[in-house]
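Participant: The structure that follows is given in the form of structure tokens.
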Amino acid sequence: MGRPRVGVVAYQGAVPEHLRALEAVGAEAVPVRWPRELEGLAGLIIPGGESTTIGDAMKTWGLLDAVREWAQAGGAIYGTCAGAILLATEIRGGKPDQPRLGLIPMAVQRNGFGRQIESCEADLEFKGIGPEPFHTVFIRAPYFEDLGPGVEPLAELDGKVVAVRYGRFLATAFHPELTDDRRIHRFFLDLATGGTPDPAQEVPAPHA
Ligand SMILES: NC(=O)CC[C@H](N)C(=O)O
């Protein structure tokens, strides 16, 4: 058995950092731009950056529909920050109709921590990776609200949900790839390779 292959959507944003973090936890990490590059992937990361830019690029390159289909066929996805925004069914505080995957039934508040807190760092408890707090980096981060049934909150900052799991989909408002702690990438790799299966979860219908 070779290493599980995990892709990183590579138009814009924190791509090399995710590729490095994935290699560090034992995955074969590959940049993804074309739909055919999804073939054979165990998981896919959508990085932070600017969610409208990344969503528009995914639409233009045909990746938005391709990823949705691939996810419904069993693919695992992890979205960080802008990537998390693209996973939510409802986007608040931005362009409400911006292109997205819409795979996690929740609302996301773009730039939810306000303009004053452009970025911050905090040590948070993160459910599922052990008791040691995780050092997090937030950059113009969203938060998540109105979580649908089956969406499990994994971490909070100032009473706001900043990490969720929905079956084999994971979303964090912060950037674990910018620190050296690889526990969240390992957690995602386990999700993607069946380490923590959750057969009760059904993938929602594609967002219209
Ligand atoms: N660090 C980030 O990914 C920022 C996300 C950005 N604020 C957006 O709304 O797309």
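Cβ coordinates are placed from backbone N, Cα and C, and glycine is handled just like the others.
No curator has checked TrEMBL annotations; they are predicted automatically.
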Participant: What does TrEMBL list, out of Arg20, Arg110, Arg168, as binding the same L-glutamine as Gly49, Glu50, Ser51, Ile139, Arg140?
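Facilitator: For L-glutamine, TrEMBL names Gly49, Glu50, Ser51, Ile139, Arg140; of Arg20, Arg110, Arg168, the listed one is Arg110.
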Participant: Within 8 Å of the Cβ centre of Gly49, Glu50, Ser51, Arg110, Ile139, Arg140, which other residues of the chain have their Cβ, at the recorded L-glutamine site?
Facilitator: Gly48, Cys81, Ala82, Ile85, Asn111, Ala141, Pro142
Participant: Rounded to a whole number, how many Å is the Cα of Arg140 (L-glutamine binding site) away from the Cα of Glu177 (active site, charge relay system)?
Facilitator: 16
Participant: Just the number: how many Å between the Cα atoms of Glu50 (L-glutamine binding site) and Cys81 (active site, nucleophile)?
Facilitator: 9
